[in-house]
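Now, the feature entries from TrEMBL:
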{"type": "BINDING", "residues": "R293, 318-319, 332-336, 349-356, N370", "note": "FAD binding site"}
{"type": "DOMAIN", "residues": "1-30", "note": "domain '4Fe-4S ferredoxin-type'"}
{"type": "DOMAIN", "residues": "36-66", "note": "domain '4Fe-4S ferredoxin-type'"}
Amino acid sequence: MSIVVYADKCTGCTLCVKACPFAAIDMQPHEGTPHKLAVIDLDKCTLCNACVDACSKFKAIEIEVEKETSQELSHYKGVWVFAEQREGKVQTIAYELLGEGRNLAQELKTDLSAVLCGGEDIEEEVEHLFSYGADKVYLLHHNELKEYKSLTYTRAVAEVITKYKPEIFLLGATTMGRDLAARLAVRVGAGLTADCTDLSIDPDKKILRQTRPAFGGNIMATIISPNNRPQMATVRPKVFRRSDKKDGRMGKLIKFNPAINPEDLVVKLVEIIKDESVKINLAEAEIIVSGGRGIQEAKNFKLIEDLAKVLGGAVGASRATVDAGWISAHHQVGQTGKTVAPKLYIACGISGKIQHLVGMQASDTIVAINKDPDAPIFKVATYGIVGDLFEYVPLLTKKLQEIRG
Ligand SMILES: Cc1cc2nc3c(=O)[nH]c(=O)nc-3n(C[C@H](O)[C@H](O)[C@H](O)COP(=O)(O)OP(=O)(O)OC[C@H]3O[C@@H](n4cnc5c(N)ncnc54)[C@H](O)[C@@H]3O)c2cc1C
């Protein structure tokens with residue numbers, strides 16, 4: 001993108017100078033013009049559009065977006081999913097993306113493909129991607145791709161995108177997916193929408209409609225990338241359900257040897273240290289017991305842990321408790337935490353603000369314990385207990401212990 005000032009339209013009114021929050025515009029004399037003209041310092045300009053809006057009457061300033069011609073856009077075909085793997089195993093998010101990717105591919109009457117990067121034993125995972133719906137798998141095989149490394153993965157995946165040109169590329173909004181997606185988008189000049197909660201195809205224009213919460217979750221914004229390809233989006237785990245597995249389903253395997261140069265290896269992976277405090281992966285847990293500010297202090301998380309333990313579940317938390325330092329951010333559920341969809345979600349002393357609800361309202365059964373009968377959590381709860389959590393949580397734990405022996 002670039003910004004231009006049209007000398008024949010600029011009247012020297014200085015509205016743009018006043019509008020620019022970055023003091024990037026200066027009025028300077030211009031040969032052949034009786035008044036001074038706006039000159040934009042590109043080192044300070046962030047292309048925020050404020051001056052363009054201020055100059056809407058004269059239309060003397062324009063941000064130019066480099067558009068690929070429609071003919072070039074038509075070279076991009078197919079829906080691709082990044083098949084995230086850890087320790088040589090494809091992660092569930094990849095199967096969830098394949099589930100949604102199939103719907104998009106059907107709408108566009110195109111193929112669904114997965115991109116899998118890994119070391120020597122990764123080929124064993126390819127059959128799973130076929131059985132969850134991939135028509136093709138692009139296998140990027142190299143010892144340096146065994147574990148995720150930002151620079152190496154970016155180079156390798158960008159290379160395969162540039163060669164095969166997918167029109168849509170979906171990644172998980174996981175730690176790995178978020179890091180990779182942002183780098184890839186810059187590398188291949190794509191439009192990227194992070195943390196989508198819904199994806200669909202515009203029936204007329206056949207482009208991807210990417211919906212995500214905006215303004216603190218108060219509105220849902222639908223974003224399109226009409227001028228760039230691929231259209232890239234990240235989606236959090238558990239937003240989409242994985243499609244049914246069809247064992248024995250086969251597809252086309254395309255082996256791709258990425259050019260991994262020594263300069264890619266400026267970052268070396270020395271050791272992976274697992275966080276031992278995370279006993280059960282929240283996003284994968286079938287039962288979650290979460291604590292909110294109602295638990296009053298850090299030590300009372302013991303009540304939540306005891307209930308989670310007797311149910312064989314994981315411990316979740318509201319952001320208020322994470323911000324208070326009562327529990328680590330790994331446990332946070334919600335807009336800026338994890339999106340979960342367990343079979344059972346028990347919310348204890350959580351009010352149910354929208355930013356929490358967006359992360360857990362897809363749970364099959366929600367039980368809320370809150371002493372305020374008007375707490376918004378009860379609007380999404382399957383069962384509600386209006387009462388003191390310090391009374392009901394230990395009672396539940398005790399009863400369940402008795403039942404389970
Ligand atoms: C951009 C943005 C992103 C955010 N992201 C997240 C996010 O990812 N996750 C998230 O959780 N929040 C998030 N928040 C914060 C969110 O808006 C709320 O502030 C937060 O969820 C409140 O946490 P809480 O429900 O634990 O606390 P509170 O809202 O203070 O609620 C405490 C509840 O406990 C009840 N209670 C008190 N004592 C007892 C008792 N003894 N027994 C039973 N009930 C009791 C009260 O009635 C009350 O309903 C975000 C906010 C913003 C602006």
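Including glycine, each Cβ sits where the backbone N, Cα and C put it.
All annotation found in TrEMBL is predicted automatically rather than curated by experts.
Long-range neighbours of K353 (FAD binding site) (same chain, six or more residues apart, CB within less than 8 Å of its CB): P376. A Cβ distance under 8 Å defines the sequence-distant neighbours of the domain '4Fe-4S ferredoxin-type' (1-30), meaning residues of its chain 6+ beyond its ends; these are 36-48, 50-55, 58-66. Note on the domain '4Fe-4S ferredoxin-type' (36-66): residues 1-7, 9-30, 227 of its chain, located 6 or more positions outside it, place their CB under 8 angstroms from a CB of the stretch. Residues near R293 (FAD binding site) in space but far in sequence (CB under 8 A, at least 6 apart, same chain), listed by position: S318, A320, T321, A324, G349, I350, S351. Counting every protein chain shown, 20 other Cβ atoms lie within 10 Å of the Cβ of Q335 (FAD binding site).
Counted with DSSP, the domain '4Fe-4S ferredoxin-type' (1-30) comes out as 5 helix, 8 strand, 17 coil. Helix first, then strand, then coil: DSSP counts for the domain '4Fe-4S ferredoxin-type' (36-66) stand at 5 helix, 8 strand, 18 coil. Cβ neighbour density within 10 Å is lowest for Q332 among the binding-site residues Q332, I350, H356.
DSSP assigns R293 (FAD binding site) to a helix in the three-state reduction.
Secondary structure at K353 (FAD binding site), as computed by DSSP, is coil.
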